[in-house]
Amino acid sequence: MRWALLSNSRLHHDSSNGHNRQQQDDTPLALRGNTVNPISVAPKIAIICGSGLGSLATILDEKIDFPYEQIPHFPQSTVPGHAGKLVVGKMGKVPVICMQGRFHYYEGYPLWKCAMPIRVFKLLGVEMIVVTNAAGGLNPDYKVGDLMIIKDHVNFPGFAGESFLRGPNDERFGPRFVALNSAYDTELRKLAKSVASELGMNDFVHEGVYTMVGGPNFETVAELRLMKLLGIDAVGMSTVPEVIAARHCGIKCFGFSLITNECVTSYDTDDEPDHEEVMEAASRRQNDLVRFVTAFVDTVKSAELISK
Ligand SMILES: O=P(O)(O)O[C@@H]1C[C@H](O)[C@@H](CO)O1
């Protein structure tokens, strides 16, 4: 594949861990510049597939794959269950772009790089993201395989000053200070709940608060108990940087967690979470997730919540 450099200086940020601004100036952004498979129709929705949730990308029509290793300066996926490619195509009548594989802080990427694809999507014309993740359930009502529509988040790395937006602000994307009190779009959440209802999924679809921890270790019992006290319903290691990047540049956000394990909040057990369990749980819910996301995207289009 060959790539054209359509834009300079758009993705860089200052960073505290060795990535240099000049290098970022050279990041090629626009997949439209691919001279073999140009993206000729602007994707309206970007879907970020969480651990084991990549099948959301496999159902697209008129698919074109862009492996990350062939996209200049794009980060690489290193986590099992994250295939490492962009898939562009149509979900029903809606042009979408899927990240089959996301980037996590624990992989060694700074937060700005974890969420840098969101700015690429903005430049491609994306208006909305559907951000998905695998998460541990803290809410005692949640079972493995349940879905949690994300109402809000608690950004633990943010408490320590880590942010996608740290460093000089790039005004072309958005303002220095960003409001996040309605980060997860109210109208989209309402619509998603009605879709879940219509599909008969009410008994396993909830709405709750997600938190991001840095990982890659799972949490201690004391940490999980603290999170419960804070009113957190599910814990994971992603999503927040992408949502912050999206809100900064005016992209609407809808997110959900698939509960892949129940968090162990007692000392009297040998139970332990592990990544294989996470991927197995994700794989068992693939069909329902595909049904849910397909119907959601279709309804978003009918409700004219994306442009024509
Ligand atoms: O990419 P997501 O947030 O779905 O991945 C979760 C968090 C860790 O990366 C991994 C733990 O099993 O799954």
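Using N, Cα and C of the backbone, Cβ positions are placed for all residues, glycine too.
Under the heading region 'Disordered', TrEMBL lists 1-30.
The domain 'Nucleoside phosphorylase' annotation in TrEMBL covers 44-297.
The Cβ of ALA134 (phosphate binding site) lies under 8 Å from the Cβ of GLY50, SER51, GLY52, LEU53, GLY81, GLY236, SER257, LEU258, THR260, VAL278, MET279, ALA281, ALA282, each of these being in the same chain and 6 or more residues away along the sequence. Among the features that TrEMBL reports, phosphate binding site is placed at SER51, HIS82, ARG102, PHE103, HIS104, ALA134, SER238.
Secondary structure at GLU219 (purine D-ribonucleoside binding site), as computed by DSSP, is coil. Summarising the annotation, TrEMBL assigns purine D-ribonucleoside binding site to GLU219, ASN261.
If you take the Cα of GLU219 (purine D-ribonucleoside binding site) and the Cα of HIS82 (phosphate binding site), they are about 22 angstrom apart, rounded to a whole number. Spatially close to HIS104 (phosphate binding site) yet at least six residues away along the chain are VAL79, CYS114, GLY215, PRO216, MET237, SER238, judged by Cβ distances under 8 angstroms. Residues ARG102, HIS104, SER238, taken from the binding-site residues ARG102, PHE103, HIS104, SER238, are distinguished by a CB atom under 6 angstroms from ligand 1. Comparing the binding-site residues SER51, SER238, ASN261 on other C-beta atoms within 10 angstroms of each C-beta gives the minimum for ASN261.
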